[in-house]
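As written in TrEMBL, here are the features:
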TRANSMEM  B:24-45  transmembrane segment
TRANSMEM  B:86-105  transmembrane segment
TRANSMEM  B:126-153  transmembrane segment
TRANSMEM  B:165-188  transmembrane segment
TRANSMEM  B:195-212  transmembrane segment
TRANSMEM  B:240-260  transmembrane segment
TRANSMEM  B:299-318  transmembrane segment
TRANSMEM  B:346-365  transmembrane segment
TRANSMEM  B:394-417  transmembrane segment
TRANSMEM  B:437-456  transmembrane segment
TRANSMEM  B:463-483  transmembrane segment
TRANSMEM  B:503-526  transmembrane segment
Amino acid sequence: MSLLKVTNLTKKFGTFTALDKVNLEVNKGEIYGFIGPNGAGKSTTIRVLLGILKATDGDVKLFDKDAWSDAVEIHRRVAYVPGDVNLWPNLTGGEVIDLFVKLRGSNNKSRREELIKKFDLDPTKKCRTYSKGNRQKVALIAAFSSDADLYILDEPTSGLDPLMEQIFQECVFDLKRQGKSVLLSSHILSEVEKLCDKVAIIREGTIIETGTLNELRHLTRTQILVDTKQPIEKLAELKGMHEIEETEQGLSFQVDTDQMDQVMRHISQFGIVKIESAPPTLEDLFMRHYEGTEKVDVSGAGGAQ
Amino acid sequence: MANNSFVKTGYLTRFILRLDRFRISLWLVGLTFFTLIVPVAYTGLYENQQERDAMAVTMENPAMIAMVGPGNIENYTTGVMTAHQMLLITAVVVGIMSILLLTRHTRADEEDGLIEMIRSLPTGRLSYLNASLLVISGVSVALALITGFGLYALGIESMDLEGSLLYGAALGGTGLLFAGVTAVFAQLAETSRGTIGWSIAILLFTYLFRAITDVSDEALSWISPLGWVTKTEAYDANHWGPIFILIGVSVLLFILANYLHAIRDLERSFLPSKPGRRTATRFLQSPIGLAIRLQRTGMIAWAVGIFLIGISYGSVLGDMETFFEGNEMMEQMFQLTEGGSITEQFIPMLLIVMAIMSTIPPIMAMNKLRGEEKKDRLEHLLGRAVSRTRLMGGYVVLSVVNGFVMVSLSAIGLWSAGTAVMEEGLEFSMIYGASMSYFPAVLVMIGLAVFLMGYFPKYTTLVWLELFYSFIVLYLGGLMQFPEWVGKLSPFDYIPQVPSEDVSVMTLVMLTVIAIVLMVIGFIGFNKRDID
């Protein structure tokens, strides 16, 4: 069942097209990663989802309701953490949390206290004294102590330290266990990789890739380090080989994942002494999409033999 | 250490000057304009000594002395009159200028983390503080010289060079002194709001202290810095002593600020900040509760201010007759006609001015919504179960109530002081009713603000222009003889001038309807547009 469905969303500011035919679908119980560089349109998309910006064209539905006209109904079931958390300098963190939770509707006092302790926030301080990380904690505590069905988190950890990031991840896993859905926009790839079931990559207002992590890995390469008894011959002539390099530990190269089988067959003829492989990271995926000009089949020019 | 603490002060001084060049120019031009326009107007209004003496009589009551200080009634030349009626009030404005300008580059920049950036560069620990002090000192000296020579250049007989320079020096000295006060509070208070708040409190306290002592025992006024300003007796006795005291105390305050700055850590303060509430009260937990909470302090300050303005206008009503007798220009300005007492005909003019002033806080309350939008804080509310209508509705209700309270307070202030000084007293229902008849015009102004917020959010400040226009047209309208349509562009012009004119219920209803229509259109626009 899809909680959130965006079809051909286009948003223009004057003549500038910020979003061009964006499609997204988040199902119940899914943690959905939404990644892209700054200015790609992540926050614009999210603000359309929340009915803060009006779509120029396309269909945006949350819980089968229109994001613009049914905004208030929808927001009763949504918890949101903005990327840039600006708070009222003369209110305390505790006051802001209560205000936020109350404005959504439900209230969970015990959860609030537990989270304040977990995130190590002093709620009696005025917001003007909070650092970026602390302001983010306020928004996160307010979001996590709400009983929502969909959590929309816009780069929620950009100001948190690693310890707090850990706690954030625990909270997201908690939500997942409860069958809640999360839309997590981020450019911290390791985080998305750890948390998300599905990923959409946006660049210059267009979604350039969507799918599960496994599906996307098809598009990427595996890093191999191999040491053989005899020197490997004709490696560079194989399909899908990249960045072949002779190192002290052996031969290092990248191979397109779908060519893995034939490459392994070829190498095994030369007597493998040692082999190490590293899984493709989202990082690679990301880089390949953002290095717009890079071609997929640039073969390793610095050949082995 | 000492020689390292001031590295690059000169460079930072130029930097601050560059940042604030428009702001500073505006203050200087504005203050100079108002300083120079008054004696020119006085020479037009009071053509001979006899007329000035008549004016002097009206100044000889405790209320006026409390307001503007003592003056030499025996020698009431144009110069003495200007210094008596204008110097103190201008000095207060100069004090406010100093407080605002200096806070920007002391505690406010520190709060925003800018001083941290500058400190990380090879600059001295005290450089930025002293750069901002140098800038404000430069502004004070410039103000003293420009107004001093400017007044002399007017070529008015009783305004000689020494008196003019003394007048300017008193203004400049006040600027320096309150720069010193602000510099010290920038070290003591933790926030820029606190700094401004404490400094303004000191300014008000010195003003009130002087008001009380001027009436009761003038010698005690020597304790108040604003007392020193009036004790210069410019254009009369020309005492320079108070100027030296002003400068001396300023230097001491500058040194104290430097000392405090040197012994404290960055972003720390001496006045401890007490921990705030751990949880929100029930009151805060709604959009309108939040709006009230954010504006509470400002609204209370405005309410007190508006009430005091009402009282001060009311306190002059007693001497009206003496004041106006035989002064043609004044009669023209206030469009006095034969029949009816002068006081009764003067009241509508006071009411217009008070109504326009009472419109300022409700418009600020309404435009706060735009301020919140610009600071990206509306999405916290709209991202939750709050509709745009409910959000804007809260601000509109707050603004309308605010306007009602302000108009009421101005009327109550005017009545209570007026009835005390007038022999025959004033009827409360007449004054209150007449004031309230301006409320529909206030509503139209609020409506305009709502409309702009809905459809032209980038131009919400235009409503201030309309208010300023209303003030110019109605206050100076009689004098300038504008054609009739000029006035019709302001909602205030349609209000019948009670008590000299009859109440026209139809006009009031029409204005209210226009206000409601503007608001409804504004709501529609706000519901349709993107939030920035």
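Heads up, the Cβ atoms here are built off N, Cα and C, so glycines get one too.
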Spatial neighbours of the transmembrane segment (B:195-212) far in sequence, C-beta under 8 Å, 6+ residues away: 66-67, 69, 92, 95-96, 99-100, 103, 106-108, 178, 181-182, 185-186, 188-189, 221, 223-227, 230
Contact yes or no, the transmembrane segment (B:346-365) and the transmembrane segment (B:240-260), 3+ Cβ pairs under 8 Å, gap 6+: no
Intrachain neighbours beyond the transmembrane segment (B:437-456), with Cβ under 8 angstroms and 6 or more residues off its ends: 351-352, 355, 358-359, 362-363, 366-367, 369-370, 392, 396, 399-400, 403-404, 407, 462-463, 466-467, 491-492, 494-496, 498, 503, 507-509, 511-512, 514-519, 521-526, 529
The transmembrane segment (B:240-260) in contact with the transmembrane segment (B:394-417), cutoff 8 A, at least 3 CB pairs, sep 6+: no
Non-local residues, at least 6 beyond the ends, that sit with Cβ under 8 Å of the transmembrane segment (B:86-105): 16, 19-20, 23-24, 27, 31, 34-35, 38, 68-69, 128, 131-133, 135-136, 139-140, 143, 167, 170-172, 174-179, 181-183, 186, 192, 195-196, 199-200, 203, 207, 226, 229-230, 232, 234
Positions whose Cβ lies under 8 angstroms from the transmembrane segment (B:394-417), at least six residues beyond its ends: 63, 286-288, 291-292, 295, 299, 302-303, 306-315, 317, 350-351, 354-355, 357-359, 361-363, 365-366, 368-369, 426, 428, 431-432, 434-436, 438-439, 442-443, 446, 449-450, 519
Contacting positions for the transmembrane segment (B:24-45) when only residues 6+ beyond its ends and CB under 8 Å are counted: 17, 51, 78-79, 81-82, 85-86, 90, 93-94, 97, 101, 135, 139, 142-143, 146-147, 150-151, 154, 156, 159, 167, 171, 327, 329-330
